[in-house]
Amino acid sequence: MKESDENENVKKEVQNGVLLESKYSLISKQTLNQKDNVIWNILSSGRVPYEGLNEITIMNILYQISSQNMCNSEKTVKIGERESRIYSAFIRSKYLGFGHGVGRSGNLEDAQPKSAGNAVLAKITTRMVKNLIKRFGIRSCEDVCILPYATGMCLSTCLLYLKNIRKESEYVILSRIDHKTIYKCIDFCNLSCFIVDMIYENDELYTDLHKIENLMKEYNTKVTCVMSITSSYAPRNSDDIIKISHLCKKYNIPHVINNAFGLQCNYLCKEIQKCYDTNGRIDFVIQSCDKNLLLPVNGGIIFSNNKINMKGLKNYYPGRVPIHAYIDIFITLLELGEKKIMELRLKRENNFIWLQNKIKLLCNKYNLSLIKNSKNKISMAINLNELYKYCDKENPRCINLLGSMLFYRNVTGHKVICSPLLIQQEALKKRDTIEISDSTEIKKTETQKDLINDNMSKEKNKETNIMNDILLLNKKNILKIGNKTFPFFGTSYDLYPYSYIAFSCVIGIDKTELQKFVDRLDDTIDYFIKKCQKKNKKEIKKEDAA
């Protein structure tokens, strides 16, 4: 028998299951057929499977896709400068045969013939993310772009694209948010910003729509975009994106939404969809992969209802995109499955309410209070002003010790912020003390007439002098980002009256972990109070001894 005939017979036997015992051959064929059906269903529908897949099935899918790359063929002769030559076996195994990037000759959407597998993976992953966003309630999502860097650089990419379209523009309008990344993005793009202070009302921070509209009227063609923020740490609320979208439509100004960790939140997804439903304007919505899809920090997602805008953005992007973000998203979504993803979103909502109730009980124990945040459904904050009964009232920043104590109890992700209003009040007290001391010296050397003239001059410039003195006394805490200076960075409002601790309830966290946080926070507050009381007793004893 010829060798070719023998090989053909073996092939037929494998196909017919003859190499296995007859009772197992049917099961084997069914299993292989099932896996083939899974692959083709995913490729044809572009949807996340309802039930999650196991690791072997996912690996099989990935290897079948990457086998379409010519670099993985034993017969290919590779003589170019980018031919997926990877020295480390560990790194080769990490990338599963996807050694090339996504795109061709500087165009993100163009397929590279020699890396067809990469193009297939990128397109199917993008379709899966798009359909998932629609499943989250944002039905108007029409196109998606996955970029290989986190939220900040995704924002910068959008800003540079809009700046290129609006040639005369040089400003970004946004409600104040005390997060460095946003201002660094604007500075990176060589743009300036108009920062509109939030409105403080009934213990909440709201968007000042009136001031935003006035700036839109005055600077119109010079505005690159209005940037609104949905997800942020409490006590800042989400911006009123619906009304901002209507203003952007009215004045024909682009609208970019920073939805960093908002894709996991049903409330924010509904707010974004309402913008579309009410005919508002949104050009781009940006979110992080890691914060919303349980991934490492590796990429960002941009979507829009405007396919022309998205095509322009993709064409504007220079060069290829690394494949790692697509691989991680693809694997995670297949392993989770749509059912699990939706369960985790619902679980997060329930956990948020559960944590709120636990925190309220904790607050009652120490006479503290949960700060009201009607438009923030991810983060919450506790008003800590009551703790100043126990610690150094002359140094409001002593409250920051609470954050450090929590960190040393292995709690991460929280923020303890000292009230800027308390800092200013303390600075004024120091200023008054200095003034009294100075005026005593002046009285010894100056006449009454000189004093009257001096007092009139001081009264005239009183407000300016007060602020300058406050800034001088607070000099070491002033933050400068680009061309903007923030005297009291942290609360998104310079006169915020409460010191607070903020924390979040995000996707993937469970009640066991939340309960541990509540217990450690309870323990830390108790220790903080006792430590302060002990310190106060020592100081009283010293005074008595003196």
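Numbers here mean position along the shown chain, with the first residue as 1.
Yeah, the Cβs are placed from backbone N, Cα and C, and that goes for glycine too.
The feature pyridoxal 5'-phosphate binding site is assigned by TrEMBL to Arg82.
Look at TrEMBL and you will find Arg104, Ser105, Gln112, Arg320 tagged as substrate binding site.
As annotated by TrEMBL, tRNA binding site applies to Arg409. Note on Arg409 (tRNA binding site): other Cβ atoms within 10 Å of its Cβ, all shown chains, come to 15.
Within 10 Å of the C-beta of Lys291 (N6-(pyridoxal phosphate)lysine) we count 24 further C-beta atoms, all protein chains included. Positions annotated as N6-(pyridoxal phosphate)lysine by TrEMBL: Lys291.
Residues Arg104, Ser105, Gln112, Arg320 make up the record's substrate site, and a Cβ search at 8 Å around their centroid adds Gly101, Gly103, Gly106, Asn107, Asp110, Ala111 from the same chain. Ranking the recorded positions Arg82, Arg104, Lys291, Arg320 by the distance of their Cα atoms from the Cα of Arg409 (tRNA binding site) places Lys291 first.
Proximity of Arg320 (substrate binding site) to non-local residues of its own chain (separation of 6 or more, Cβ distance below 8 Å) is seen for His100, Gly101, Val102, Gly103, Arg104, Gly106, Leu108, given in sequence order. Set side by side, the binding-site residues Arg82, Arg104 differ in how many other CB atoms lie within 10 angstroms of their CB, and the most is found at Arg104. Among Arg104, Ser105, Gln112, Arg320, the residues given in the record as binding substrate, the maximal Cα to Cα distance rounds to 10 Å.
Neighbour density at the Cβ, taken as the number of other Cβ atoms within 10 Å, is lowest among the binding-site residues Ser105, Gln112 for Ser105.
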